[in-house]
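A.B. asks: Pasting in a structure now, in structure tokens, and then I'll have a few things to ask.
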Amino acid sequence: MRAEARGGLERFCSAGKGRGLRALRPFHVGDLLFSCPAYACVLTVGERGHHCECCFARKEGLSKCGRCKQAFYCDVECQKEDWPLHKLECSSMVVFGENWNPSETVRLTARILAKQKMHPERTPSEKLLAVREFESHLDKLDNEKKDLIQSDIAALHQFYSKHLEFPDHSSLVVLFAQVNCNGFTIEDEELSHLGSAIFPDVALMNHSCCPNVIVTYKGTLAEVRAVQEIHPGDEVFTSYIDLLYPTEDRNDRLRDSYFFTCECRECTTKDKDKAKVEIRKLSNPPQAEAIRDMVRYARNVIEEFRRAKHYKSPSELLEICELSQEKMSSVFEDSNVYMLHMMYQAMGVCLYMQDWEGALKYGQKIIKPYSKHYPVYSLNVASMWLKLGRLYMGLENKAAGEKALKKAIAIMEIAHGKDHPYISEIKQEIESH
């Protein structure tokens, strides 16, 4: 079957980038270019009981799977629809009990294998790009990444051998490599992780640090909307990474995860880098070497914190945030992205500890520089306004709360579309207060 065109869009060969997606007609800011159902998706373990395992709907009073008591559903329809995939895990979770711990990548890959068996022909998620056409970048993997794939394959065999037929070992290596660079994480309106999925047609889009579209989720459906004016013949670009950081950091991340260096306008001009790594205005300004050392320290502390999250207590994590901010503030302005990173982490710890005043204090410092560093329509900025609005509302400051929530809505109406359930929920929060 030939890849059919999606309305007003075509697959093409993009110079120096391989395959890409191109517009055949104009799209205006806020227009939906296309939507793509998940080829396969899996709800993250931590959200069980809060979201339906099948459609990812967030609601109270979900029904529990009677066998494993771990999966929750809206109703019998969702449970029935999910059964061919849930059965891969249901009895295994009961048998292994506490020892059932496949990674999310393994869980998603198991579902892809099951889907390929059940539905060998092309699916509605693959109008322009089929899963089997995904890039694997196998030749570029370092030993650490290869080892990770081997341990994922071992876990796949350990937890899924009863209900799945596996292809040969080398095909599994390719599949895991494909999932690693083509998978998506589904996030909610506050950018909390909900699950992982494969959206083949969305994966066709190439990356830019000044993207002209944004990807959002409605349940397990991915939606792609314009955040800049798009003209016929323009390539459609999304962003694969968090755009907060300076050019060198962004490209380190892109090379590590996706094996390319970006050459977009932002990366060639480095226009925003100076403001992103803002240095304190002192009568005796820091020397270039002191700045370089502090940037190195900042990158190290970000990595150290990422690892510490898995084993340190909230109060220890907060201490890392506070000490690192204190050290960096001798050279960096508060609007510096490395300072903002640690403030954001500190805010997250405060939210976890239900220290609402502490979280609000950090959020208030973050929001203005965020709005400057990120593109105009940014989910990071929208989710920060949303968190601030909800904190104000919870602390009985209705005027500030309403103002912040309306700022979030203004961005989300473009990024998520005016009819998104998240937006009606937020409007409801404003009215009910």
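Each residue, glycine too, has its Cβ placed from N, Cα and C.
What Swiss-Prot records for this protein is below:
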type	residues	note
BINDING	Lys17, Gly18, Arg19, His137, Asn206, His207, Tyr258, Phe259, Phe260	S-adenosyl-L-methionine binding site
BINDING	Cys52, Cys55, Cys74, Cys78	Zn(2+) 1 binding site
BINDING	Cys65, Cys68, His86, Cys90	Zn(2+) 2 binding site
DOMAIN	7-241	domain 'SET'
MOD_RES	Ser283	phosphoserine
ZN_FING	52-90	zinc finger
A.B. asks: Just to confirm: which same-chain residues, 6+ apart in sequence, have a Cβ under 8 Å from the Cβ of His86 (Zn(2+) 2 binding site)?
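C.D. replies: Result: Glu53, Cys65, Ala71, Gln79.
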A.B. asks: Going by Cα-Cα distance, pick out whichever of the binding-site residues Cys52, Cys55, Cys68, Cys74, Cys78 is nearest to Arg19 (S-adenosyl-L-methionine binding site).
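C.D. replies: Ranked by Cα distance from Arg19 (S-adenosyl-L-methionine binding site), first place goes to Cys55.
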A.B. asks: In the zinc finger (52-90), how many residues does DSSP assign to helix, to strand and to coil?
C.D. replies: 15 helix, 5 strand, 19 coil
A.B. asks: To the nearest whole angstrom, state the Cα distance for the pair Tyr258 (S-adenosyl-L-methionine binding site) and Cys55 (Zn(2+) 1 binding site).
C.D. replies: 29
A.B. asks: Listed S-adenosyl-L-methionine-binding residues Lys17, Gly18, Arg19, His137, Asn206, His207, Tyr258, Phe259, Phe260 - what's their greatest C-alpha to C-alpha distance in Å?
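C.D. replies: Result: 16 Å between the two most distant Cα atoms.
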A.B. asks: What does DSSP assign Tyr258 (S-adenosyl-L-methionine binding site), in three states?
C.D. replies: helix
